[in-house]
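Feature annotations, reproduced from TrEMBL:
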BINDING   PRO95, TYR96, VAL111, LYS113, MET120, SER121, THR162  FAD binding site
DOMAIN    41-145  domain 'FAD-binding FR-type'
TRANSMEM  12-29  transmembrane segment
Amino acid sequence: MDFLEAKEIQVGLAVAAVVVVATAAYLYSSKKSKVGSIDPENFRDFKLVKKTQLSHNVAKFRFALPTPTSVLGLPIGQHISCRGKDSQGEEVIKPYTPTTLDTDVGYFELVIKMYPQGRMSHHFREMREGDYMSVRGPKGRFRYQPGQVRAFGMLAGGSGITPMFQVARAILENPKDQTQVHLIYANVTYDDILLKDEIDALATNYPGRFHVYYVLNQPPEEWTGGVGFVSKEMIQTHCPAPASDIKILRCGPPPMNKAMAGHLDALGYSSEMQFQF
């Protein structure tokens, strides 16, 4: 009887040891798989695996990460630097914010508006599937933590929507984060609106937490959104009022950023309540 009990104890200890080792291996591999694929000091090359033309001057670029389970490793609210060559063959480096998160494993995506005279726009225009992009990061002064504010107001213009979309996605897709998001997104024409389908999907899927108001300078007929430039009245109506537990984010062309800063100051938003990407 003593012999059998001793054997059972030995078997039990062996099983426990296997469980401990397996658990440790799993935790190690899980932690290891979350190591980011980018380097803040050195450029790394990523292969373009899919280029999707969204309009005459906008395209979505999907780049493969080192393995199917790799993550980019970009904190929410930060961006990457992309290196390329302009039409004269000179090196150019420009910051971009991916539209994907680290929940999107194995790849990252950039939605790029390519301007006729843009130096980096030329590089993206010339890129073909199979080419490589040199990327460095993360970069940026803003890093989001769930629950750090009660509500965000977001003032975006043109391609300035990408950091807003990244932050909004991270908030809304986290069931433990109840932060409210109020977005005002301004463009010249309807066709200039980037990520509209994705933004509208957020509004549909999270109606109590995400609110969007589009503003067009040259709207089509039967347009129900805002018209002209983003005004103080629009901000008052569609953004959270000044308070210690809210923050207004802005990202757009320099003239818009300057105008929005003036509006926010006039409405009583302190410098601590504002952040410009």
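Glycine is treated like the rest: Cβ placed from N, Cα and C.
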Using a 10 Å radius on the Cβ of TYR96 (FAD binding site), the other Cβ atoms enclosed count 21
Not counting PRO95, TYR96, VAL111, LYS113, MET120, SER121, THR162, residues with a CB within 8 A of the CB centroid of the FAD site are CYS82, LYS94, LEU110, ILE112, PHE124, SER159
Across every protein chain in view, the count of C-beta atoms other than its own within 10 A of the C-beta of SER121 (FAD binding site) is 20
Same chain, |i - j| six or more, Cβ under 8 Å of VAL111 (FAD binding site); the result in sequence order is LEU54, VAL58, ALA59, LYS60, PHE61, THR99, THR162, LEU194, LEU195
Densest Cβ environment (other Cβ within 10 Å) across the binding-site residues PRO95, LYS113, MET120, THR162 belongs to THR162
Residue counts for the domain 'FAD-binding FR-type' (41-145) under DSSP, helix then strand then coil, are 8 helix, 46 strand, 51 coil
On the domain 'FAD-binding FR-type' (41-145), the mean of the pLDDT values is 96
Taking every pair from PRO95, TYR96, VAL111, LYS113, MET120, SER121, THR162, which the record gives as binding FAD, the longest CA to CA distance in angstrom is 17
